[in-house]
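Annotated features, as they stand in TrEMBL:
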- Asp56, His167, Thr169, Glu327: Mg(2+) binding site (BINDING)
- Asp56, Asp332, His336, Asp373, His374, His449: Zn(2+) binding site (BINDING)
- Ser106: active site, phosphoserine intermediate (ACT_SITE)
Amino acid sequence: MSNKCVIWLNEVSLVKSQEKDPNFWNLGAQQTLSEALTLQDLNKNKANNLILFLGDGMGIPTVTAARILKGQLMGQSGEEMQLEMDKFPFVSLAKTYNTNAQVPDSAGTATAYLCGVKANEGTVGVSAAAVRSQCNTTQGNEVTSILRWAKDAGKSVGIVTTTRVNHATPSAAYAHSVDRDWYSDNEMPPEALEAGCRDIARQLFENIPNIDVIMGGGRKYMFPKNMSDVEYPGVAKQSGLRKDGRNLVEEWKDKKKDKKGFYIWNKKQLLSLNPNNVDYLLALFEPGDLMYDLERNTETDPSLTEMVEVAIKILKRNPRGFYLLVEGGRIDHGHHEGKAKQALHEAVEMDRAIGRAALMTSTYDTLTVVTADHSHMFNFGGYTPRGNTIFGLAPMTSDVDQKPFTSILYGNGPGYKIVSGGRENISTIDYTENDYQAQAAVPLSMETHGGEDVAVFAKGPLAHLFHGVHEQNYIPHVMAYAACIGQNKKHCVSQSGTDGLSPVLSTIAALLTVTRLLS
């Protein structure tokens, strides 16, 4: 029997028996239609709580591949699986370009979806009038984030990330920096320090001093230079970096010692907390970024899901509600390294966290948004049969060099390899290992971002306002509008002491705003 016949028989055997019956598809579509019709009764409640899940680098191909992986991890063929984000009733697209970049970076995009203003690449919390690395363009060009708007409105606020807490995405929530790489004063040029610019780690504690929950990595940026790390004693590369001699963690602890503030650095400490007795939490689990989920020590390192659960338990105690930013930040790192398996497992873990948050909140009063800052040069194809492992081979060899290839490929990156004058024959290596670097068309030490639009999934109050195709900076404006915080609150009314939304007033307010802008 030929190889083609074997492949065809395998395909047929993977088709579930009910899928051969047209009624299966017709009934499924009719059920989906019935559910869609119920969405015409729009949720126009006021959002007491706001949650933004940001998959760094989670472009649409990554979403699709993560869906398949999630299904295959559960013993299914994968394609028919639903991610938690797939269940959200409203989906739109966001245009990700920075003001000076067609293909964006994570700093300029974070400023857009957190501060509501598009910005230059490499800058956080400043407008496009600020120039990257030029300290003297900071002052006067600062823009505030939805986290600040929520805090000013009396809500509890939190940041949970798998990267450093002073990395691009979280830093836009609190910092104003013309350079995303100014993690501590150690990474800043002397002239910027002399001009009065502050590093991002400092700004985490100084700009919004009462952020209720901070969880992620980045310990080494908080401690004096050469101070040994608590988890990796004597390991120089994990030691403190600060040149100013400040111990930002001790300073935080001193300010919070009489305010139910807790500093922790491992999973055991996290899970031993009683959230009802915690008002402020600073949790730094690694000197740098957290470990990939596939490499995580499950005894000492918490998962993103575990961090999110504790964060919500603490934040939801505030009757005025909360704003929570959750970043699955290492999806991006996996792709940059060409390690698709790491990236996709990070995406699946973030989806688990989305599911956990859903169990702890209600769409009645919680607006949840899931999106990405940008995409990557990642894709999968090759006419793979149903149920093909997402990390597997395409069912044919190349008709040019007669070598096999994986379904997953990158447009550029470190996976480009020439062996004996030609493309590497992957049948000689283990392409299923965690750190396998998928083949790439163009050689680069680090794979690049992609420039296409990203998906925005939404559920909860006013989630229907996420529709069509919008600029990325639209996201925080909708979230703030739904919660009656920030600059646009004229639609908010109070009836019998209870805040609500008035669609009539909101329309008038919108028209007045447009008129004012035009004049």
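Placement of Cβ uses the backbone N, Cα and C atoms for every residue, glycine included.
Asp56 (Mg(2+) binding site) is 5 Å away from Asp332 (Zn(2+) binding site) when you measure Cα to Cα. Most Cβ neighbours within 10 Å, among the binding-site residues His336, His374, His449: His374 holds that distinction in the structure as shown. Note on proximity: of the recorded positions Ser106, His336, Asp373, His374, the one nearest His167 (Mg(2+) binding site) is Ser106, by Cα distance. For His167 (Mg(2+) binding site), the Cβ neighbour count at a 10 Å cut-off comes to 29, with all displayed protein chains included. All protein chains shown were included, and the count of other CB atoms within 10 Å of the CB of Thr169 (Mg(2+) binding site) stands at 29. With Asp56 (Mg(2+) binding site) as the anchor, the candidate binding-site residues are His336, His374, His449, and the one with the nearest CA is His374. Other than the site residues Asp56, Asp332, His336, Asp373, His374, His449, same-chain residues with C-beta atoms no more than 8 angstroms from the centre of those residues' C-beta atoms, the Zn(2+) site, are Gly57, Asp105, Ser106, Ile331, His335, Ala372, Ser375, His376.
The Cβ of Asp332 (Zn(2+) binding site) has 29 neighbouring Cβ atoms from other residues within 10 Å, across all protein chains displayed. When the recorded positions Ser106, Thr169, Glu327 are compared by Cα distance to Asp373 (Zn(2+) binding site), the shortest distance belongs to Ser106. If you take the Cα of His449 (Zn(2+) binding site) and the Cα of Ser106 (active site, phosphoserine intermediate), they are about 9 angstrom apart, rounded to a whole number.
Residues near the residue listed as 'active site, phosphoserine intermediate' in space but far in sequence (CB under 8 A, at least 6 apart, same chain), listed by position: Asp56, Gly57, His167, Ala168, Thr169, Arg180, Asp332, Asp373, His374. Around the Cβ of Glu327 (Mg(2+) binding site), the same chain contributes Phe53, Leu54, Gly55, Asp56, Ile159, Val160, Thr161, Thr162, Thr163, Thr169, Pro170, Gly216, each under 8 angstroms and 6 or more positions distant in sequence. Considering other CB atoms within 10 Å as the measure, the emptiest surroundings among the binding-site residues Asp56, Asp373 are those of Asp56.
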